[in-house]
Amino acid sequence: MQPINTFQAKAVALPIENIDTDQIIPARYLKVTDKNGLGEALFTDWRGEPDFVLNQAYAQGAGVLIAGHNFGCGSSREHAPWALQGFGFQAVISTYFADIFKGNALKNGLLPIVVDAATLARLTEQCLANQTIDVSVDLENQQVHVAGETISFPIDAFSKHCLLHGVDQLGYIQAQEAAIQAYEANHPARVNTVGA
Amino acid sequence: MAKTLFEKIWDAHVVQAADAESPATLYIDLHLVHEVTSPQAFTMLRERGLTVRRPDQTLATMDHSTPTTPRGADGIIPVTDEIARKQLNQLIQNCSDFGIPLYNLGTENQGIVHVIGPEQGYTQPGMTIVCGDSHTSTHGAFGALAFGIGTSEVGHVLATQCLLQQKPQTAEIRIDGTLRPGVTAKDIILAIIAKIGVGGGTGYVLEYTGSAIRALSMEERMTICNMSIEGGARAGLIAPDETTFAWLKDRPHTPKGEAWDAAVAYWRTLPSDEGATYDLQVVLNADELAPMITYGTNPGMGIPVTGNVPAPSDLADDSQRMALDKALNYMGLQPNQPLIGQKVDVVFLGSCTNSRISDLRAAAKLLDGKKVADGLRMLVVPGSQQVKRQAEAEGLDQIFRAAGAEWREAGCSMCIAMNGDQLQPGQYAVSTSNRNFEGRQGKGGRTFLASPLTAAATAINGHIVDVREIL
């Protein structure tokens, strides 16, 4: 994973709450065996509506999505962050994210930025009034600079470290090989799917 | 110190404890794999030259993109979708290359991953179980900590049998009382989600407690835990008890003899201790519950079947009002209208929520000697090949066929509509599945989630009915 720290991007607003991963990418696009081309299927059913935000000329090149509460609920499909990144998004702003989506996003370098409800309402309003707003993200300092204000956001220390340094989580677990072996030595397997 | 069921399982699986900088490393007892969320993880293993650490704790099946259409004269289930075939072949190759047992399409124990795990006795109390599928929460019915993961994490578990995990909070969902006739486990969980909302459980593991839960069968408990994710929860749990042990005994992969006795002795230590505390408590009374049905485009938009669709104008919050307005527009429903009498085009009986033998028996009992309404299509899709065989041994397939329903092979089918089993744009379905998201059962399709009883009653009448009136 490439390290990320600061980036500037244009934000667009999609002020709908509980956006589920079936909307982000419908299941009929999950028959692939790789990660390519999913950006084209992002919100594909909603993009059938000419008025949908991502169909607008001003939305092209957007890197931040300002969404409604509880973004990414539903299925565990990691195709959701892959599709958002395939379109060009680097971050999503919401009041909270579904647990599995959030974990998937962080592992792919898509930043889930959590803000309070009043801040989200303010950013959404400004974005809708101007079609887009310019956002500057500073992960090291956990800040978003937007429309003249600075907004702090939380992120767990480990995810932040991994994103800042491009640390691969699998490599981190593999480095615990001795502890895993010790655990297995003390805890016989509870099932055997191969034999039995 | 008094511990909850969740804390006992968690503590028993910590390989490396969390500290200020890092999450805990958790050991995974059982990893279930299917065709849709695993290919990219196997690709990662190959790119890095890694092996699967514990193929003996890994089990694969195919269910999501598999056809459920009847077998050909050669006994083989035909796969006509070339992209799906490529994905299924990729799983076969991956399992072969990495030594993972696979329940291949149409073989005797193949089926929906969350149906076959318990059925074969792989799912046991006190275990940690993961799968690249959000409905892994189903296995929590046995007192196992079971949750869905993404494809990156599938790769982590394949390579290390471990996961990095932030410790979730705990919530007790307490349901006391007695269910009335016509009210089922599905109605309990739809009522819970209607109460807490689709985001209400975010960050929590839910433990379902109370006399109404204790009275449920294992299959009903699976229905409850299955939809924990629809309330946003990381997992759902029900403490193991005599019902659990009796259901598991003599399953193909449960311990036998003295090992069984030792396992049961351990399982008896798992229920939450007297005085253990939760971060949140929600209470429902089973006596007050009615058959539930959803009217909108997420599982939290549910009402008693005799209720009226809510009106956006009654909501003060802007985003909630807009969401309801959007949902009703998609569903083609009017504010304040009743759902009783709503015409339905398709009834789907199936999915990891409600495709087990007891679900099929309940629906067949209502359909016995009756006909599906003119013009209505009913699909009955058993959760596994074993469920299918059992149903056929009991003659349930004949009841469904005689009623005019389609009797299918096992799989996820119209719950996720990846395999050609789907609604047409604008069609209404009453579905025993778990998600009514826009387009979930086919682009433009409109879903009412309900119990197998409500689904069967609707199929007979052609419109939504209160099943209590025909019992």
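Each residue, glycine too, has its Cβ placed from N, Cα and C.
Caution: TrEMBL annotation is automatic and unverified by curators.
Remember, predicted model here, so these are calculated numbers, not experimental data.
Around B:CYS352 ([4Fe-4S] cluster binding site), the same-chain residues at least 6 positions away in sequence with a Cβ under 8 Å from its Cβ are B:ILE112, B:VAL113, B:HIS114, B:VAL115, B:HIS135, B:THR138, B:ASN226, B:GLY383, B:CYS412, B:CYS415, B:ASN434. The [4Fe-4S] cluster binding site annotation in TrEMBL covers B:CYS352, B:CYS412, B:CYS415.
Minimal Cβ crowding within 10 Å, among the binding-site residues B:CYS412, B:CYS415, is found at B:CYS415. According to DSSP, B:CYS415 ([4Fe-4S] cluster binding site) sits within a helical segment. Report note: the [4Fe-4S] cluster site is defined by B:CYS352, B:CYS412, B:CYS415, and the residues of the same chain whose CB lies within 8 Å of the CB centroid of those residues, excluding them, are B:ASP63, B:HIS64, B:ILE112, B:HIS114, B:HIS135, B:GLY350, B:SER351, B:THR353, B:SER355, B:GLY383, B:GLY411, B:SER413, B:ILE416, B:SER433, B:ASN434.
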